[in-house]
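Record features, source TrEMBL:
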| type | residues | note |
| --- | --- | --- |
| BINDING | A:THR67, A:PRO68, A:ALA69, A:GLY70, A:GLU71, A:GLY72, A:LYS73, A:SER74 | ATP binding site |
Number of protein chains: 2
Amino acid sequence: MNLAHLSDLDIANQSTLKPIGEIAEKAGIPAEALEPYGHYKAKIDINQVQQQNGKGKVVLVTAMSPTPAGEGKSTVTVGLADAFNQLKKNVMVALREPALGPTFGIKGGATGGGYAQVLPMEDINLHFNGDFHAITTANNALSAFIDNHIHQGNELEIDQRRIEWKRVLDMNDRALRNVIVGLGGPTQGVPREDGFNITVASEIMAILCLANDIKDLKEKISKITIGYTRSHKPVTVADLKVEGALAMILKDAIKPNLVQTIEGTPALVHGGPFANIAHGCNSILATETARDLSDIVVTEAGFGSDLGAEKFIDIKAREAGFEPSAVVVVATIRALKMHGGVAKDNLKEENVEALKQGIVNLERHVKNVKKYGLEPVVALNAFVHDTDAETEFVQQWAKDNGVRLALTEVWEKGGKGGIDLANEVLEVIEQPQTFKHLYELEQPLEDKIETIVKEIYGGAKVTFSSKAQKQLNQFKDNGWDHYPICMAKTQYSFTDDATQLGAPEGFEITIRELEAKTGAGFIVALTGAIMTMPGLPKKPAALNMDVTDDGHAVGLF
Amino acid sequence: MNLAHLSDLDIANQSTLKPIGEIAEKAGIPAEALEPYGHYKAKIDINQVQQQNGKGKVVLVTAMSPTPAGEGKSTVTVGLADAFNQLKKNVMVALREPALGPTFGIKGGATGGGYAQVLPMEDINLHFNGDFHAITTANNALSAFIDNHIHQGNELEIDQRRIEWKRVLDMNDRALRNVIVGLGGPTQGVPREDGFNITVASEIMAILCLANDIKDLKEKISKITIGYTRSHKPVTVADLKVEGALAMILKDAIKPNLVQTIEGTPALVHGGPFANIAHGCNSILATETARDLSDIVVTEAGFGSDLGAEKFIDIKAREAGFEPSAVVVVATIRALKMHGGVAKDNLKEENVEALKQGIVNLERHVKNVKKYGLEPVVALNAFVHDTDAETEFVQQWAKDNGVRLALTEVWEKGGKGGIDLANEVLEVIEQPQTFKHLYELEQPLEDKIETIVKEIYGGAKVTFSSKAQKQLNQFKDNGWDHYPICMAKTQYSFTDDATQLGAPEGFEITIRELEAKTGAGFIVALTGAIMTMPGLPKKPAALNMDVTDDGHAVGLF
């Protein structure tokens, strides 16, 4: 069989799915906790799930600095879980949900690839179980409540020029980035500037993913800062008294979604916050539910170790109160060569020299993981054009530097292609480790930012714009100094300049602006312009999409 | 038991729901066609449903001109189906889905009341099975495709001042009625005026409800007129080549939703277009699926016989190709008294004089049903403050005028309270009738409008504004003369003035404007300003909403 002729969708369609009840049984989910959505998806009523044999251990999959070539982090995450499954371990995989809007722009999904996928990919990439729609609804209900409050007399004296809360849609729609609402005269609301973000950028998404239960969800929602009065006093959802209504809208969205991998490993796919202006991990509830049900939970975080893994550990794991037991760093020959200066079009040619140049990027990611007191495991994710000399170079580098490394071939072989990686991870899990966070919450905001920039990015200095400096003072006055930091930085470089590949040193990072996400519970530090509402290309993928007469999606991938 | 102390939600919560698989079995739905959504809801894969004993007969429930007192049309619809169920008839009920947005404004649902409800009401009134979210997504994807087309060079030469297609949200949000999008400079789209409607006003909603299958859905979507060029040439979805993508978004939304009544009668709740700017009935697919599965299908249409029933017959039934077998006209003592001049606050006092004045409204609705060659059955829906003298007056009026009438007490007694009504309907179904439409499609648009105004409303004359006159000519030039008419008129009066109750005569109706819904396949004739995006009140119902720690909605009703 020539794999090169099979698309991810072909492979997915050739797979025989097990009924979701069977997957639930395998995962130890009681029948009364299972709420099926069709034959192959379900939501889990977390109130009916009992902890089994103590809490499972968490294996985080992160990566070197991503490149446009793609490193296959989700694929390795799924494949590693399938490998544990083949080794008869009690394992679950916990992933993020993909956004719907971007699929109309550029072909592609986010459910792994080859023989390491979660299924049914068609449903997961479309409306799935409605979570993102519920988040969109809650976000926009809050906007409607804000505008209605102002229209009805503005008792809270909200300054309509200082409303931070934006509307959202799960859509790539540049025309909605900057809008004026409330036009048409005195019966049609109060005119003001507004804008739409894509739903994954909603603070409600971040909150849903950081909530420990529905009560906590409501409490976090109540703390959202929607804007300020003319005298700069923060106005919260609690002031508007709508946290109950907003939490009610999310009562089903908060339940983790159960699906399966091609090899029948139970998978929880739940939540999908941005990895730049938010923390980029699946929900705490999914991870914790998986920990209740299994001995090992394989999960991932967005982008490289500088962004996703740092936030996973310092925001998500801290909030949930668990420690990761192992961290896998996904690397590819292709990405290492790009970090060594090779252009995307020339990646098929053997180039050990470029590898030597680019390996510094992986080196820094490996070093980063060690800062948390954890021993990293590099997953060298094989691609068809890798040459033996190239693979041997990376393997030798690992040997020389005492770095655990395993070649993974999960795209082509599924779990079987990840057995070596699984065995390396098992050794790390068993050995004693001294986990620690990168920073303590009590440190001032500037200190926390400086720690991330110097320790993780390898930078020399942090500069704050005058706006950011002013905000630092305001945030301290508001009592927001204790929040963790969520850095918004390009994923392609350790610096704030996407073109600086490899492992630059001695650079300066400029914090242009801060955003207070007092509901989610973090302060976003923006190092550049971050796009929170994508646009469509000239020829959107939608032009090739269709549905068959019996209701199957065409052209989704 | 004192019923007055029980809310609809109390009664719903006291009911024991049967697993949806049991309801499906009772309805004759094969297991492979059933896609469960949780324990008590499902979608039905219509490709897997076989027609059983020929097509079932359709019983339409309509009403006299509605009043703010509420007539309980959905309640009678559900109760009548339960009555047939008690009579051991093979019956299903087919209803519209309620919109989510308005629940945040004013307390209340749309799933019947008392002991005649469809369940689970909490879910049906919130996200249900995601249909409205899918419609919102498809509608707004089309907007994004339009704005992207213009931004990328506007090959189709769409005049951005003449775009008819609006964005939608399932939200009461007046600030979105009139907006400007595309601000922010050349990389952020092209500025233009736009606005948001509530999702139920989307033409995609009307199309979903008038589609005969998924192929037809796609074809109807392709015919939507999104706007015009500078030379007034219509631009359609087919020109943008995105009908496949839009139909794909709706591939699950098009499947009817199965739920149950309190008494376990199978219910299909699917689709919910506006009853003014659209046709106000549940989907053809739900009605036809119910006809495949059962001998009797009880269904309803929005507002009174002048609006909902007229559109049900002349738009929906014509498109689907069936004939209704009986029409029930719901009336109440309260509503008759209001049409006789009594104010809402004085309805509790006995007032036979006002009844004598107001009965003319019911008389005209009864006459309207006869125009279609059908014998109407009046359901006098009992309320607690009705006096014996009042009830006897209406019963005597029916006797004197040879009108079939049955007193219904379904709110208090469920199906048992509708047995008399069911028996009257059964007699009508059995007798020979000569069904005919009100008008033929070949008549010119003006003729069709005039026929509705004179025959159904009892008006004397139709005047077209100069704008409407111009549009009539343009629509003829565009080849749109053969479409049926969808009248947008106040539901409270036969005239275009909401304060003219009873049965006015000799009045004039002014058509201010036309809208071409070439996808749904009808021409909307607007007789006044129709609100397509509601606002929130000063104290929205959301303020009293909450969710319990174990995930149950509070304050939804």
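Using the three backbone atoms N, Cα and C, a Cβ is placed for every residue, glycine included.
Unlike curated entries, TrEMBL annotations are predicted automatically.
Sequence-distant neighbours of A:PRO68 (ATP binding site) (same chain, six or more apart, CB under 8 Å from its CB) are A:MET338, A:LYS344, listed in sequence order. Under 8 Å, Cβ to Cβ, and six or more positions away along its own chain, A:LYS73 (ATP binding site) finds A:VAL61, A:THR62, A:ALA63, A:GLU300, A:VAL330. The sparsest Cβ neighbourhood within 10 Å, among the listed binding-site residues (A:GLY70, A:GLY72), is found at A:GLY70. Close to A:THR67 (ATP binding site) in the fold, though at least 6 residues off in sequence, lie A:ARG334, A:ALA335, A:MET338, A:HIS339, A:LYS344, A:TYR492, A:LEU501, each with a CB less than 8 Å from its CB. In sequence order, A:THR332, A:ARG334, A:ALA335, A:MET338, A:LYS344, A:LEU347 constitute the residues six or more apart from A:ALA69 (ATP binding site) in its chain with CB-CB distances below 8 Å. Taking a C-beta cut-off of under 8 Å and a sequence gap of six or more, A:SER74 (ATP binding site) has these contacts in its own chain: A:LEU95, A:ALA110, A:THR111, A:GLY112, A:GLY113, A:GLU300. Close to A:GLU71 (ATP binding site) in the fold, though at least 6 residues off in sequence, lie A:ALA63, A:MET64, A:VAL330, A:ALA331, A:THR332, A:ARG334, A:ALA335, A:ASN381, each with a CB less than 8 Å from its CB.
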